[in-house]
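J.: Dumping the structure here so I can ask a few things about it.
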Amino acid sequence: MSCCIANAIRWDVSLLIHRSMSSSMSSVQPTSPVSDSPSLGEMHASVAVSRRGHWGFRLLAFLGPGYMVSVGYMDPGNWATGLAGGSRFGYMLLSVILLSNVMAIVLQALAARLGIASDMDLAQACRARYSRGTNLALWAVCELAIIACDLAEVIGTAIALNLLLGVPIILGAVITAVDVVLVLLLMHRGFRALEAFVIALLLVIFGCFVVQIVLAAPPLQEVLGGFVPRWQVVADPQALYLAIGIVGATVMPHNLYLHSSIVQTRAYPRTPVGRRSALRWAVADSTLALMLALFINASILILAAAVFHAQHHFDVEEIEQAYQLLAPVLGVGVAATLFATALLASGINSTVTATLAGQIVMEGFLRLRLRPWLRRVLTRGLAIVPVIVVVALYGEQGTGRLLLLSQVILSMQLPFAVIPLLRCVADRKVMGALVAPRWLMVVAWLIAGVIVVLNVKLLGDYAVHLMVGVSD
């Protein structure tokens, strides 16, 4: 796989370097109407695709955007819910992870369809469809979601640095600001370099969990049985709460904006036939990538079930707690190191996608373009401050509550991304011949309904939890 990716990168590197060099001169350009120009203009159609030859080479040309999107499905919020679900209920909630992954596959396929059919990302499509006031509101809640996601990345990276190197959480949070240099270097080298970096770290995460699962040796029959839905998930209030958390933490709202934009980086023919072919390959790319995300999220829960639940550790909810228990329970010190390494790779990976998502949202809604380094500094700065304040006031234990708050904020924003997406892909004026078929829209609206109901329930439970905490 790595050989094929390297060949694909070498194939179009000259085109990428030319475009990325010109992009480095861009600054704030509020006068350039984004709705009249392509999303991420400097990277638009910058990746050459093969129109002939073996299907495998054509698929390789489209591999990348789906894996960048999949990063959002493995953030520390997913880690926390997976650890809690596995330690408390064993393998029972694997069915919820599978269901939420199917939902994500459908929604990301629709986001890719919008980008390929309309040559607009979701933010641009919203700007063309809604009033100025509505667009400002959508932009504001989306920016809040991106900051919340970045907050989870700061916490995850800081915790990983603390576990691996003993770096204090506050210092680790400050160190994460340096990642702006990494983002700039990668963006300067072109979009294929970004994708290669993300995929490489995903392979690191994958490898870490493969080793940990082998060491944990979970019973295969129980693991497979966990993917079968059970009534107990709904009947048990605690299981239902964790199930809602898993679904709410899985579909990331900014991923819909991101995916609708970065699928347009491929230089496919902008013709009806070319768009239809590009859509097939883009959906294949995102489906394969989200299956990798399914494996990693399931691995977190399986690891917690095999290591903690089996040893009667039923209340493992903090990432630090899981790290401290892994080595003694498994009897292998490297298991905990691999766990923290995977967490660090996840946090670094999210840096790239969060920067792109922020740029896409700002350009699409406001017609405002900032240099990537300035955009990154603003977002990361707003994410670091709450971490420093919470740790200073409540100690390192407060990061767990802050992580939960970030997931609640993401849940609040989700309907404001899903519903506009579904309305756009069902509009023939926007989509043309690639308008979503009726059966697909029925499925998509059912998924949207489930997500909205579950997120409302999650928010209600969180509000009750806060009120109980205040009364105590």
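The backbone N, Cα and C atoms fix where each Cβ goes, and this holds for glycine too.
So Swiss-Prot has the following annotated:
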{"type": "TRANSMEM", "residues": "59-79", "note": "transmembrane segment"}
{"type": "TRANSMEM", "residues": "92-112", "note": "transmembrane segment"}
{"type": "TRANSMEM", "residues": "144-164", "note": "transmembrane segment"}
{"type": "TRANSMEM", "residues": "167-187", "note": "transmembrane segment"}
{"type": "TRANSMEM", "residues": "196-216", "note": "transmembrane segment"}
{"type": "TRANSMEM", "residues": "233-253", "note": "transmembrane segment"}
{"type": "TRANSMEM", "residues": "288-308", "note": "transmembrane segment"}
{"type": "TRANSMEM", "residues": "325-345", "note": "transmembrane segment"}
{"type": "TRANSMEM", "residues": "377-397", "note": "transmembrane segment"}
{"type": "TRANSMEM", "residues": "402-422", "note": "transmembrane segment"}
{"type": "TRANSMEM", "residues": "439-459", "note": "transmembrane segment"}
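Each of these features: where is it, how hidden is it, and who are its neighbours?
T.: Sequence-distant contacts of the transmembrane segment (59-79), counting only residues of its own chain at least 6 positions beyond either end whose CB sits under 8 Å from a CB of the stretch, comprise 4-5, 7-8, 47-50, 101, 104, 108, 112, 149, 152-153, 155-156, 159, 191-192, 194-195, 198-199, 202, 205, 246, 249-250, 252, 254-255, 258-259, 262-263, 265-266, 278, 281-282, 284-290, 292-293, 296-297, 300, 319, 343, 346-347, 349-350, 352-353, 356, 403, 406-407, 410.
Same-chain neighbours of the transmembrane segment (144-164): 72, 75-77, 79, 170, 172-173, 175-176, 252-254, 319-320, 323, 336-337, 340-341, 343-344, 346-348, 350-351, 354, 357-358, 361, 379-380, 382-384, 386-387, 396, 399, 402-403, 405-407, 409-410, 412-413, 417, counting only residues six or more beyond its ends whose CB sits under 8 Å from a CB of the stretch.
Beyond the transmembrane segment (167-187), the same-chain residues lying 6 or more positions past its ends with a Cβ under 8 Å from any Cβ of the stretch are 20, 23, 153-155, 157-161, 193-194, 197, 347-348, 351-352, 355, 372-373, 376-377, 380-381, 384, 387-388, 391-392, 396, 399.
Non-local neighbours of the transmembrane segment (377-397) in the same chain are 146-147, 150-151, 153-155, 158, 162, 169-170, 173-174, 176-177, 179-180, 318, 320, 354-355, 358, 370; each lies 6+ residues outside the stretch with a CB under 8 Å from one of its CB atoms.
Away from its own ends, the transmembrane segment (439-459) comes close to residues 103, 106-107, 110, 241, 244-245, 247-248, 251, 408, 411-412, 414-415, 418-419, 422, 425-426 of its chain (Cβ-Cβ under 8 Å, at least six residues beyond either end).
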J.: Quick check for me: are there 3+ Cβ pairs below 8 Å between the transmembrane segment (196-216) and the transmembrane segment (402-422), leaving out pairs under 6 residues apart?
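T.: In this chain the transmembrane segment (196-216) does not contact the transmembrane segment (402-422) - fewer than 3 Cβ pairs sit under 8 Å.
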J.: Would you mind listing the long-range same-chain contacts of the transmembrane segment (92-112), meaning Cβ under 8 Å and 6+ residues beyond its ends?
T.: 65-66, 69, 73, 82, 85-86, 122, 223, 226-230, 232-233, 239, 242-243, 246-247, 250-251, 255-257, 259-260, 263, 279, 282-283, 286-287, 290-291, 293-294, 297-298, 301-302, 418, 421-422, 425, 436, 440, 443-444, 447, 450-451
J.: For the transmembrane segment (325-345), I need the partner stretch with the highest count of C-beta pairs below 8 angstroms, choosing only from 233-253, 288-308, 402-422.
T.: 288-308
J.: Let me spell it out: take the transmembrane segment (288-308), skip the flanking residues so only those 6+ beyond its ends count, and list any with a Cβ under 8 Å from a Cβ in it.
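T.: Those are 63, 66-67, 69-70, 73-74, 78-79, 82-87, 89-91, 93-94, 97-98, 101, 104-105, 108, 202, 205-206, 209-210, 212-213, 216-219, 223, 226, 250, 314, 316, 322, 325-326, 329-330, in sequence order.
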